[in-house]
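Reviewing the structure listed below.
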Amino acid sequence: MCAATAAAAARQDAAEHPAAHRVGSALFYAGSSFLITVVNKTVLTTFRFPSYVCLGIGQMIATLVVLYAAKVSRTVQFPDVDRSVLFKVLPLPLLYVGNHITGLASTKKLRFDPFPALPALPALPALTRSLTGAAVFRSLPMFTVLRKFTILMTMTLEAYVLRRTFSKPLVYSVGTIVLGATIAASADLAFDAQAYAFILLNDAFTAAAGVCTKKKLGVEGLGKYGVLFYNALLIVVPTVLASVFTGDLREAVAFEGWAQATFVLCFLLSCFMGFVLMYSIVLCSYYNSALTTTVVGAIKNVAVAYIGIFVGGDYLFSWTNFLGLSICMLGGLVYSYLTFNNKPPESNAGTSELKLHATQDSKKSAPV
C-alpha cells in the first residue's frame, strides 16, 4: 500500500508542475552551484580569507536581508515569526549548518600549492592557489568525483524517509553514476584523508538536508520562502556565537583584505550567491525531487571536471579517471532523460519497479 501511495504521489507531483518549470529550476540550480563554487574558491584561496565559517555567516545574513526586504515590499509572502513556525522548520537548520560548514571546508581544501611564494593566479576554480606550503595537490575535479556519493545517500534517505519507490532504469542510472565515481577515484594520485573526510561528510549532510527540505516544503504554513527564511534565522545566531568562541570571527575582522575593493566585491558576491544557491535548491526540490536536485548537481560537477582537464593544469590526468568521469556523465544523461522526458522520476511500473523503502517484514519474522 505504501509503494502504491508513493508512486501515485510521484505521478501527481509530475502532473502538477509543467516540464518547463522542472527543467528550468534544474538549470537554475546547476548554474548557481557552478558560480558559487567559482566565487567561494576565489574568496577562500585567491584572497586567502581565513574563515569559511564567517563566509557562511555572510551568506546566511544575505538570505535574511533579501527575503525580509522582499516580504516588506510584498514581493513574496511567508508567515511572521512565531514559535510554532520555528518548530516546524526543525531539524532542517541543523542539517544546513553541517552542510554549509563541511561544504566550505572541503572547497578550501581542494588544492594546496607547493610554491607558496608565487602570486595568486586569476580567479578560476581550477587555477586558484592557497598559501600553505604543503607539497600536495588536491584538484577540483577530484572533489567533484567524491561528491557523486551524495546521490546514493539521497536515494536511500528518500526511500526510508519519504517512502519513495524507484523504477529499475532510474536505479541503474544512479548506479552508473556511482560506479563511474568509484572508477575515477581509484586513479587519484593525490589522496588526502582529511580533505576526503570533509567531502564525504558534506555528502551526508547534503543528502539529509535535501530530503528534509523536500519534506518541509509540504508542511502547511511554511512555503518555499518560509523554509528559506526561518532556516537561515535559526542558523545564523548559533553560528555567530560559535565563530566568536573559536576565534574565527576575530581572524575574519582582522583580515587585511578588507582594504581591497576587489576582495570586498567578491565577498559580497559570495554572500549574495549563497542566497541564490539556497533558493535554487529549494526551487528545484519543489518542482522535482531531492534525488533529481542531487543528480543535477552531479552532472554540473562532471562538466566542471571536464573543464579542469583542459584548463588550469592541476588535473592529474589518467585514462582510468577520464573513463570514470565519462561513465558518470553517461549515467547522469540517462537519468535526465528518464526524469524530464514527460515522466516522473519515480514511477509505479509493476514488475520493473524496485521497492527501496523499509518494510516491516523483519518485525513479522522476528523470533519470539
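All positions are counted from 1 along the displayed chain.
Cβ coordinates come from backbone N, Cα and C, glycine included.
Automatic, uncurated: that is what TrEMBL annotation is.
Look at TrEMBL and you will find 24-40 (among others) tagged as transmembrane segment. Taking Cβ pairs closer than 8 Å, the transmembrane segment (24-40) reaches residues 55, 104, 107, 123-125, 140, 266, 269-270, 273-274, 276-277, 279-281, 283-284, 286-288, 292-293, 296-297, 299-300, 303-304, 340 in its own chain, all 6 or more past its ends.
Here the transmembrane segment (52-70) has long-range neighbours at 40, 43-44, 76, 78, 100-101, 104-105, 107-108, 225, 228-229, 232-233, 235-236, 239-240, 242-243, 246, 248-249, 252, 267, 270-275, 278, meaning same-chain residues at least 6 beyond its ends whose C-beta is under 8 angstroms from one of its own. The annotation transmembrane segment is assigned in TrEMBL to 52-70 (among others).
Per TrEMBL, the feature transmembrane segment maps to 145-162 (among others).
What TrEMBL records for 169-187 (among others) is transmembrane segment.
For 193-213 (among others), the entry in TrEMBL reads transmembrane segment. Note on the transmembrane segment (193-213): residues 91-92, 95-96, 98-99, 102-103, 105-106, 109-110, 138, 143, 146-147, 149-150, 153-154, 156-158, 161-162, 227, 281-282, 285, 290, 293-294 of its chain, located 6 or more positions outside it, place their CB under 8 angstroms from a CB of the stretch.
Per TrEMBL, the feature transmembrane segment maps to 225-246 (among others). Distant neighbours of the transmembrane segment (225-246): 51, 53-54, 56-57, 60-61, 63-64, 67-68, 70-71, 76-79, 81, 85-86, 88-90, 92-93, 96-97, 100, 213, 216-217, 252, 278-279, 282; these residues of the same chain sit at least 6 beyond its ends, with a Cβ under 8 Å from one of its Cβ atoms.
Look at TrEMBL and you will find 258-283 (among others) tagged as transmembrane segment. Long-range contacts of the transmembrane segment (258-283) within its own chain (CB-CB distance under 8 A, at least 6 residues past either end) are made by residues 25, 28-29, 31-33, 35-36, 39-40, 42-43, 47, 49, 55-56, 58-63, 66-67, 123, 210, 213, 217, 224, 227-228, 231-232, 293.
If you look up TrEMBL, you'll see 290-311 (among others) marked as transmembrane segment.
For 317-338 (among others), the entry in TrEMBL reads transmembrane segment.
Feature annotation from TrEMBL assigns region 'Disordered' to 346-368.
The compositional bias 'Basic and acidic residues' feature in TrEMBL is assigned to 354-368.
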